[in-house]
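What follows is a single structure, written as C-alpha cells, with notes after it.
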Amino acid sequence: MKNYLNVEEGKNSWKRYVSTTILASVFMLLGSIIYIIAEIIMVAADESGKSYFDFESGVAVGINANLDFLLSHIMYICWIFGLWIGIRFIHKRKMKSLITANKRVNWKKVIWSFGTFSLLLIISQLIDVVFNHSDYSWNHVSVKEYVLLILITFLLVPIQTTTEELFFRGLLLQWVSKKVKRPILLAIIVGLMFSIGHFANPEMNKSIILVGLDYIVAGFALTYIAIKTKSLEITIGVHAANNMFLALFLTTDDSVFGSIPSLFKVADTEPGANLIWSIVMFSVFYILCRGKIKKEEAADKDQLIA
C-alpha cells in the first residue's frame, strides 16, 4: 500500500510548504472577514432591532441561526480555494495527493469510516441518554427550519471538515513528516496543531483543561489513524460524521455551531465524561480500522500471488 506521506509528485521544498501554508491561511482570514461583514449587514438589516453584533466575541446575536450557519462556511470555501491554489501552482501537484498516493480516492473507505463512526456516535449517545435523560429535551424546531438545516449540513459541513483534514492532516502532516518519522511523535505534533486551532471554540468555557484535552485526544487520534492507514480517506469520513451528527441532532448553549435548530437540546454537558467517551470511541474505532486495513492488505497480497 502506497503512503500518501511519501510525496513523489510535484515540488515539495520547505519554502513551498511555508508559502502554501501562508497562502491558505490568508484565504481563511479573508473568508472570516467576509463572514463577519455578512453578519454585520444582517444585523443592520434587522428591522426588529433585537439582533446585535458582539464585537468582544466576534459573533452576531439574534440573527437567523440557519442563515448564520450557512454563512459561516464562507471561511472554509475561501480556505480550501487558497489551499488548492497553493497545491496546484506552488507545489505543482493535484489536490488528490493530499489524500492518497493511489491513482484515485477510495470512496468506499470514506463511506465505511463515515458509517462506522456515525454508528459509534449513535451508540454512545443512546447510552448517555439512558443515564442522563434529564439533560436532553426536544428542541421544538419547525419542519421547515430542520429541512433547511439538513440541506446546509449535507452540502456544506463536509466542505468544512474536509478543508480542515486537507490542511492539517494533508499539507501540514506531509510537511512535518519530512523531518519527523516516528508515528506517535508525528501524531502528537500535528494533532496539537489541529487542536490549538479549536481552542477558541465556545465549548472551552466549560473547562479549559478537560475540553482542551478532548480536542487534543481527537487531534492525536485522527492524525495517528491517518499515519497508520497511509491516507486521509478514513479521517475525512470520521470528521464529517462527527460534525454532521452534532449539527443535526445536538445543540447546546455554548455550541460552536450556535443556536441552530438541531433536534435535541442538551442542557448540561460534562467535559470529563465527554473526554472519557472520546478516548473509548477513538480506541474502538482504531481497532476496527486495524482489522479493515489488515483485510485489505491480505487481499492485495492474494491478488499479487494470483
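Placed from the backbone N, Cα and C atoms, the Cβ positions cover glycine too.
Under the heading domain 'CAAX prenyl protease 2/Lysostaphin resistance protein A-like', TrEMBL lists 147-245.
Sequence-distant contacts of the transmembrane segment (21-45) (same chain, six or more residues past either end, CB-CB distance under 8 Å): 51-53, 58-60, 62-64, 67-68, 71-72, 74-79, 81-83, 85-86, 90, 167, 171-172, 175. Sequence annotations record features per position, and here TrEMBL assigns transmembrane segment to 21-45 (among others).
Summarising the annotation, TrEMBL assigns transmembrane segment to 70-90 (among others).
According to TrEMBL, the transmembrane segment annotation covers 110-127 (among others).
With a cut-off of 8 Å between Cβ atoms, the residues of this chain six or more beyond the transmembrane segment (147-172) that come close are 17, 20-21, 24, 66, 69-70, 73, 76-77, 79-80, 83, 86-87, 95, 98-99, 141, 190, 193-194, 197, 219, 222-223, 226, 232, 235-236, 239-240, 242-244, 247-248, 260-262. Positions annotated as transmembrane segment by TrEMBL: 147-172 (among others).
Positions annotated as transmembrane segment by TrEMBL: 184-201 (among others).
Look at TrEMBL and you will find 207-227 (among others) tagged as transmembrane segment.
Long-range Cβ contacts of the transmembrane segment (234-252) within its own chain (Cβ-Cβ under 8 Å, at least 6 residues beyond either end) map to 69, 99, 109-115, 117-118, 121-122, 125, 139, 149-150, 153-154, 157-158, 160-162, 164-165, 169, 203, 222-223, 225-226, 259-267, 269, 285, 289. TrEMBL lists 234-252 (among others) with the feature transmembrane segment.
The annotation transmembrane segment is assigned in TrEMBL to 272-289 (among others).
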Contact yes or no, the transmembrane segment (184-201) and the transmembrane segment (70-90), 3+ Cβ pairs under 8 Å, gap 6+: no
Beyond the flanks of the transmembrane segment (70-90) by at least 6 residues, Cβ under 8 Å: 10-11, 16, 19-21, 23-28, 30-32, 34-35, 38-39, 42, 97-98, 152, 156-157, 159-160, 162-164, 166-167, 171, 258
Counts of helix, strand and coil residues, the domain 'CAAX prenyl protease 2/Lysostaphin resistance protein A-like' (147-245), according to DSSP: 83 helix, 0 strand, 16 coil
Averaged pLDDT, computed only over the residues in the domain 'CAAX prenyl protease 2/Lysostaphin resistance protein A-like' (147-245): 95
